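Take a look at the structure below.
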Amino acid sequence: GDILDAYLRTDGVWIFTRNKQFYKTNTEKECADKCEAERNFTCRAFLFTRKKLQCLTLAENAKMTVAFTSTDTVLYEKIIYLMQCKRGIGTDYRGTEAKTQRGIPCQKWAEKIPHKPNYTPEKYPNAGLEENYCRNPDADESGPWCYTTDPATRFDYCAIPECEDQVTHTGEGECMQCNGEDYHGEVSRTESGVECQRWDVQEPHMHGFILKHYPDKDLKMNYCRNPDGELRPWCFTTNRKKRWEYCNIPRCNTSPPVSGLDSQCLSGKGEDYRGRIAITESGNACQHWKTQSPHKHGWIPDRYPCKGLEENYCRNPDGEKKPWCYTTNSSIRWEYCTIPPCDRTEQGIAGMNNVPVQVPLPEECYRGKGQSYRGTASVTISGKKCQAWNSMFPHTHTKTPDRFPDADLRDNYCRNPDGDSSPWCFTTDPNTIWEYCNLKRCDDHTQE
């Protein structure tokens, strides 16, 4: 799986730790590689700053130190060090329980008083024998244990709950089809066992997923849902330091029900279009969805089994205004496709006029830093397509319309909500988080 699947992600958080290492990396995955390879200390988490592309590997996570808000920073914590439950006999338990089942504090693994230990950090460097935390270095069938601080009791077991007891899957609907967009089950804990926040409250996390704005997304109680086209259902958590996390919902063994005929023409935004047009409106051939050349992308067919990403056919998997595709032209990343409309009247009018529908011309320049720019440009300086501001794919972020109500964060238009030097956007390229937009300053434009 993806290396980042082993981490819990939290946006806009910085944690204070003295034991850290700085690296220059381009992506979160590269930063995760640095964490895995860290030899200066046990890497429990890393911080990645999107705009500076700076990576900090950390010896501590948010459970162990002070956290505070920091715009444009993403905190990734290894889930194994956050779990307060054990799987099986708990040989991989790395939680922070430090007392026995009878309440006696544990002796530190590196100390020799009151008991001289057989299991030490030097002898068992991969067993996680840190501080005085409960561990299972000898694969004891009864689970994690520790030497105790009571001279009369050499060791005892710890009361670590089973992870399976924390996440239950019962009743109908507890599996998901596709990416779980239609999941209506009642799982209400995240994959690391944290309870979900109710959708109808704004505490501890403020958000824009309000029932009246998403009436068809079944945002009930605190059940896991997928209202925004994520990889699978998720929820905001009741932990202040964890804004959101995926839920552990298994895929159904049965095939998804057929939802009517797949459309061969353009209806609405064309999200149900399953025709075989594979050429863009300017005549470029489409790139196959399963390939990453000439353009790397995140719309991998296996990840999105119900989006119809077959061959190189034009599709609309992300709610764009109409079907599109990546092109086989290395200098043009993507383009819309011309799909005949389903409405014959519309088709007749278009045919009579013989003129394509004109998209309003965007403002071609911006003033000052571009904070007042309200045009419709949506392409970056290197030609990448902008990610919609209310989307969390391929990049999760905090620059949402509800957090910046005055910044006009509509669709995927270039904007400057944070006072940067010019309008910018997150990109739809998984390997490029953000870029400035392909726009000129108005005064420069006038001089020319």
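Every residue, even glycine, has its Cβ placed from backbone N, Cα and C.
Just so it is clear, the model here is predicted, and its values are computed rather than measured.
Candidates considered were C286, C437, C442; the recorded disulfide partner of C365 in TrEMBL is C442. Close to C235 (disulfide bond) in the fold, though at least 6 residues off in sequence, lie S188, T190, C196, Q197, W199, N222, Y223, C224, R225, W244, E245, C247, each with a CB less than 8 Å from its CB. On the backbone, the CA of C425 (disulfide bond) and the CA of C175 (disulfide bond) stand 35 Å apart.
Helix, strand and coil residue tallies for the domain 'Kringle' (264-342), in that order: 0 helix, 14 strand, 65 coil [DSSP]. In the predicted model, residues of the domain 'Apple' (1-80) average a pLDDT of 87. C437 (disulfide bond) and C314 (disulfide bond) have their C-alpha atoms 25 Å apart, to the nearest angstrom.
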